[in-house]
Structure formats: C-alpha cells, structure tokens
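Annotated features in Swiss-Prot:
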BINDING   H59, H61, K146, D312  Zn(2+) 1 binding site
BINDING   K146, H185, H239  Zn(2+) 2 binding site
MOD_RES   K146  N6-carboxylysine
Amino acid sequence: MLDLCITGGRVVLPSGVEETDVGIQAGKIARIGPINKKEARCIMNANGQYVFPGAVDTHVHFSEPGRTEWEGFFTGSRSLAAGGTTTYVEMPLNALPATTNRANLQRKLEAAKGQNYVDYSFYGGLVPTNLHELADLSASGVVAFKCFLSPCGSDIPGDFRNVDLNGLRAGMRLLAEKGQLLCVHAEDPSMISQLEAKLLSPVGADAYVASRPVEAEVKAVCDTLAAARETGCRIHFVHISSAAAIEAIERAKEEGVDVTVESCPHYFLLSAEELAELGPLAKCQPPLRPKQEQAKLWACLLDGQIDWLASDHSPCTPDLKDGDFLTAWGGISGCQNNIDIMFDAAVKRRGMPPEQLARLIATNPAKRMNLREKGEIAIGKDADFAFVDDRQSYTLTKEQLYYKNKHSPYVGRTIGCKVRRVLLRGQTIYTEEKGIIGKPSGELLHIH
C-alpha cells in the first residue's frame, strides 16, 4: 500500500514531461506510472501543474552562528521551502566563526539542529591558515570546500579570508588526495585592487561594475584551471557571470579537467543598466553585467554550457545596504525565487524544456555534491517535489518574503508562474494557501 499517490500533474522526469502518477512510500518515490487509486492511502491531485523535483540550492549564506541578525537557519530554510527548494548546501563564510575546522563545523551543526524546514549540508572552507586542518575537516563530512581568490570577510577573528594562488595550489593538492571538490569564487584580486584604487567617492553603479570587469573573472578562472591541471583537484566555479569565462571552462572540460560551473538567476534577470535604479540592493560580486553580456550568458545557459543554477543568497540587515556601491554589502537576497523566476524567464519566455530546467536546479547539483537521494523524480529517490502552476502570475511583495530581512531586488517584479505546493520526503511543507506547514523537519545530509 502506497502512502500517497500524486495524480493529475505534468511530471518533470529526466526523460521529459509526462502526465502520469507518482507513488510514494516511506518518504521515497516508489512508483512512476498509472496507479490504481485504491493502492494508495492518500490521493493528491496536482490539477495540471508541473511536478518538479525539489530544487537543490548549493549556494546559500545563512550566517549562523555569529551573524543571525542577517538570516539564520530557521528563516532561511522557510524561504527555501516557500520557493520549492528542498535541499541546500550552506557556504562556510558569513557565519562567525567561519567553517574552517572541525570545531567550527560542530558549532554550526549544533546551531542548525531542529531549525531547518528543508534538508541541508555544509561546505568547509579553504583559507590561508587552515591547510593543516583540511584533512580533518574533510573527514568530518562536509560535502565540498569553498575558497575565494578575491578579498572577502573582515579583520574580525574567525572570519573568512581569501587565498592567493600559492595557497590555492597547496589547498588543491591536499583536497585532491581526499577526492574532494573545491568551489572557487573567481575574480582576480590584483586587477580589482588596481581598479578600486582609482574609484572616486561616492561610487556609483557604473563605476562599481567597471571596477570588477569580465576580464577579472576570466583571468581568475584561467589561473584556477591551470592549478587544477597541475594538481588534479576537482573544481567547481560559483556564480559565473560572463560567457567568456564559460568558454574557458568549456575548453578545459574538453581537455579532461574535472570542472563544473554554476550561475545565478540575478545574472539573467537583472542587468548593469538597471543597477543605478535598483541601488545597492542589487550589488553583488561579480557585479551584474550589461545587457549585451547578459544575452551571451543566456545563450550559454540555453545551449547547456552551464551545469546548474544556484541563488548565492547572501542577505544582510538593511543598514548594510546603505552607502555607495563600494561600501554597501555585496549580496543579493533571492533564494525564495529559485524556481519561479527562472521557470518564467527560461521556460515560458525562451522555450527551455522543463526537464532542462530540472537538471539545472536539481539534478546536476545533487549529482556533483553526491547527494544521491536528491535531484530527480526517479524510483528510490526522496519524494521531494515542487508544484509549479504556469497558468497563474503574481507580483512579488515584501510581505510574501520569509527572509529575516525582507528585501530583494525581485520585489515588484511580476512572475509568470507560482510555486503552489512543496513536499519534502512525501510530506507537504508549504502550500500557497497555508504558507509554511508544520514544524522544522529538515535532516542533515552527508555528514558522517
């Protein structure tokens, strides 16, 4: 006897969209295909909506412990749940202390207990001072590691710091021995420092964008690829914003380098031309690119050259968005709109097949992070689903946001679909009518 049968939906399978049934038992997908409704204890009618696999967001900053006024696991995971993301991997920075050793990871694990509405896991960090702790941190069960090439963090003890190329290579050698994946924020520090030194206060939107050019991203990507060839380390590039960087990564893939790449919805939905009007709310690193560059990035996405999409949800308190474009916090709050905003822009407006979007938001990140139970609608996988109604539009308001600090550059945007129901391991955790349902039931993944 099945616990639940989902019927009446357009199910987004790896092979394409099918109008079929999905049977769930003990939180797992047990059957796909026509089901006699007498074989299920409960029937859920999707009423013609798309049934997507729950999204897997591999790039969020929830800032806990240490900076919980910025977000926190409770509000951050509720935001993900409301948008159809059922699994996340949380970055090692913005929390204090950063996740750069076993003890700091343990503090994060304790802070996360009982707070999450979706399933979760964590990165470890590579910083200049923790090479001797990487093996122990790897054995603690982090799913991957993260480093910055450009300056980051602060002078506060325990905060995250960037590595130089020597530190990058040294860390790569150690991580390669463990078979670990290293995720890299790729912007060239020397190029950025030289350009920032020429900025005149107050720094406007155009000057800020010019201070972190595509060339800085491409150089850092190429330097990292060279280090990967030398060390054999598996690598992943986060939040890539330019087609030129994608082209360099594509060439490396053809040469056999073990590399993947993500981009973020804001690089497809927002442009440098809008930045002055949006203000520091839309400041991010790398910055938004001009529409001409954005069009090239869209071509890369539609052509399958980008492995997946992630939010890079990097929230802060409103006061940190005050000031000019140099001093304001660089980060966008966006994880609640992981699915709907890209379904509208990619599937409805540009004709991307829904199964391709499913690969971008769920299947590919789950595979790369070795989250074997996640990422696709297939027998044996966790019964994580997002129901997307493409027949309804809505305009996003601050009141609809579950973030601790209710600001986002997407507020005021009309989105041509709605996430109307979300299930985690077969249990409904969100509906459009009721909002978040029940108590936190998210589980820690992949820590051993």
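Each residue, glycine too, has its Cβ placed from N, Cα and C.
Model, not experiment: these values are computed from the prediction.
Everything Swiss-Prot records as a feature, shown here on the structure.
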residue: H59; record: Zn(2+) 1 binding site; CB count, 10 Å: 24
residue: H61; record: Zn(2+) 1 binding site; CB count, 10 Å: 24
residue: K146; record: Zn(2+) 1 binding site; CB count, 10 Å: 26
residue: H185; record: Zn(2+) 2 binding site; CB count, 10 Å: 22
residue: H239; record: Zn(2+) 2 binding site; CB count, 10 Å: 25
residue: D312; record: Zn(2+) 1 binding site; CB count, 10 Å: 27
C-alpha spacing of D312 (Zn(2+) 1 binding site) relative to H239 (Zn(2+) 2 binding site), in angstrom:
7
So which binding-site residues are near H185 (Zn(2+) 2 binding site), with CA atoms within 10 Å, out of H59, H61, D312?
none
Quick one: which residues besides H59, H61, K146, D312 have a Cβ within 8 Å of the Zn(2+) 1 site's Cβ centroid, in sequence order?
T58, V60, M91, L93, V238, H239, A310, H313, S314
An 8 Å radius from the center of the K146, H185, H239 Cβ atoms defines the neighbourhood of the Zn(2+) 2 site; name the other residues of that chain inside it, in order.
H59, M91, C147, F148, C183, V184, A186, F237, V238, D312
Under a three-state reduction of DSSP output, how is H59 (Zn(2+) 1 binding site) classified: helix, strand, or coil?
strand
